[in-house]
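Colleague: Okay, these came from TrEMBL:
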BINDING   Thr99, Val100, Gly101, Glu181, Gly182  S-adenosyl-L-methionine binding site
INTRAMEM  13-33  intramembrane segment
TOPO_DOM  1-12  topological domain 'Lumenal'
TOPO_DOM  34-45  topological domain 'Lumenal'
TOPO_DOM  68-94  topological domain 'Cytoplasmic'
TOPO_DOM  116-158  topological domain 'Lumenal'
TOPO_DOM  180-197  topological domain 'Cytoplasmic'
TRANSMEM  15-33  transmembrane segment
TRANSMEM  45-67  transmembrane segment
TRANSMEM  92-120  transmembrane segment
TRANSMEM  151-174  transmembrane segment
Amino acid sequence: MANLTDYIDFSQPTFYYALANILFNPIYWNILARAEYRSHILTRLAGGSAFFGCAVLAVSIFSLGIFRDYLYHEALAVQPTLALLDTDLVKAIAAVCFTVGSTFVVSSMWALGFTGTYLGDYFGILMKERVTGFPFNVTDDPMYTGSTLSFLATALWYASPAGLLLTFVVHVVYRVALAFEGPFTAQIYANKDKKKN
Ligand SMILES: *[C@@H]1O[C@H](CO)[C@@H](O)[C@H](O)[C@H]1NC(C)=O
Ligand SMILES: *[C@@H]1O[C@H](CO)[C@@H](O)[C@H](O)[C@H]1NC(C)=O
C-alpha cells in the first residue's frame with residue numbers, strides 16, 4: 001500500500017529548513033509592517049524617511065525570498081522523485097506554470113511600483129488608486145498566485161512529491177496571510193479617506 005514516507009523523506013533536515021522559511025517569511029513582513037504602521041519604527045530607524053524605511057524592508061523581504069528559493073531547491077535535491085511525474089508532459093506543464101507565475105509576479109510589481117509591492121501603504125505611502133489592469137484583472141492576488149505557481153513549477157519539474165507538499169504549504173500560508181493583510185490594508189485606506197473628508 002502507499003506509504004507517504006516512500007514519496008517524501010521526512011528525515012532530511014533540508015525539508016524542515018525550507019518549511020521553516022516558508023512559514024517564517026509572511027510572519028516576518030506582517031509583524032514589521034504592522035509595527036511600522038502603529039509606531040513608525042522603521043521610518044524612525046531610517047532617519048525619518050518612510051521611503052528609505054520601506055526600501056530597507058523591501059530588501060530584507062526580497063533577500064528572504066531568494067533564500068527561500070535556495071532552501072527549496074536544496075530540499076528537493078535530496079528528496080525521492082515520482083516516476084509518474086517524470087514525463088515530458090509534466091515538464092511542459094511545469095514550464096507553463098513557471099511562465100505564467102513569473103509573468104504574474106513581474107507584471108504585478110510593474111503595476112504596483114516599488115513601494116506598492118513592498119508594503120508601502122503601511123508606511124503611509126499610499127497608492128493613488130486601486131490598480132485594476134493586468135494582472136489584477138486576471139487574479140486578485142497575482143503576487144501570491146504567481147509565487148505559488150513558481151513553487152508548483154519547480155515541484156513538477158523535479159517530479160517531487162515533497163515539492164508538491166511544500167507548494168501546498170506555500171498556498172495555505174499565502175491564504176492565511178491574505179486573510180490577515182486584506183482587511184488591514186482596507187482599513188489603512190479607509191482611515192486615509194476619513195482624514196481627507
Ligand atoms: C511507512 O514506512 C515507515 C518507514 O519505512 C514505517 O515505519 C511505517 O510503519 C510504514 N507505514 C505503513 C502504514 O506501512
Ligand atoms: C486584462 O487587461 C489587459 C490589458 O490591461 C487585457 O489585454 C486583457 O485582455 C485583460 N484580461 C481580462 C481577463 O480581462
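Using N, Cα and C of the backbone, Cβ positions are placed for all residues, glycine too.
All annotation found in TrEMBL is predicted automatically rather than curated by experts.
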Colleague: Using a Cβ cut-off under 8 Å, which residues of the same chain at least 6 positions beyond either end of the transmembrane segment (15-33) come close to it?
Modeller: 8-9, 42, 57, 60-61, 64-65, 67-68, 71-72, 74-75, 79, 119, 122, 162, 166, 169-170, 173-174, 176-177, 180-181
Colleague: Per DSSP, what is the residue tally for the topological domain 'Lumenal' (116-158) in helix, strand and coil?
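Modeller: The topological domain 'Lumenal' (116-158) comes out at 22 helix, 0 strand, 21 coil.
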Colleague: Across the topological domain 'Cytoplasmic' (68-94), what are the DSSP residue counts per state (helix, strand, coil)?
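Modeller: Once the DSSP states are binned, the topological domain 'Cytoplasmic' (68-94) shows 20 helix, 0 strand, 7 coil.
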Colleague: Across the record's S-adenosyl-L-methionine-binding residues Thr99, Val100, Gly101, Glu181, Gly182, the largest CA-CA distance in angstrom?
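Modeller: That value is 27 Å for the farthest Cα pair.
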Colleague: Please report, as numbers and ranges, the same-chain residues at least 6 past the borders of the topological domain 'Lumenal' (34-45) whose CB is under 8 Å from any CB of it.
Modeller: 53-54, 56-57, 119, 122-123, 184, 188
Colleague: Just name the most isolated of the binding-site residues Gly101, Gly182, going by other Cβ atoms within 10 Å of its Cβ.
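Modeller: Among the binding-site residues Gly101, Gly182, the lowest count of other Cβ atoms within 10 Å belongs to Gly182.
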Colleague: For the topological domain 'Cytoplasmic' (180-197), how many residues does DSSP put in helix, in strand and in coil?
Modeller: 17 helix, 0 strand, 1 coil
Colleague: Same chain, outside the topological domain 'Lumenal' (1-12) by at least 6, Cβ under 8 Å from its Cβ: which residues?
Modeller: 75, 78-80, 82, 161-162, 165
Colleague: Short question: which residues 6 or more past the ends of the topological domain 'Cytoplasmic' (180-197) have a Cβ under 8 Å from it?
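Modeller: Distant contacts of the topological domain 'Cytoplasmic' (180-197): 30, 34, 37, 121-122, 126.
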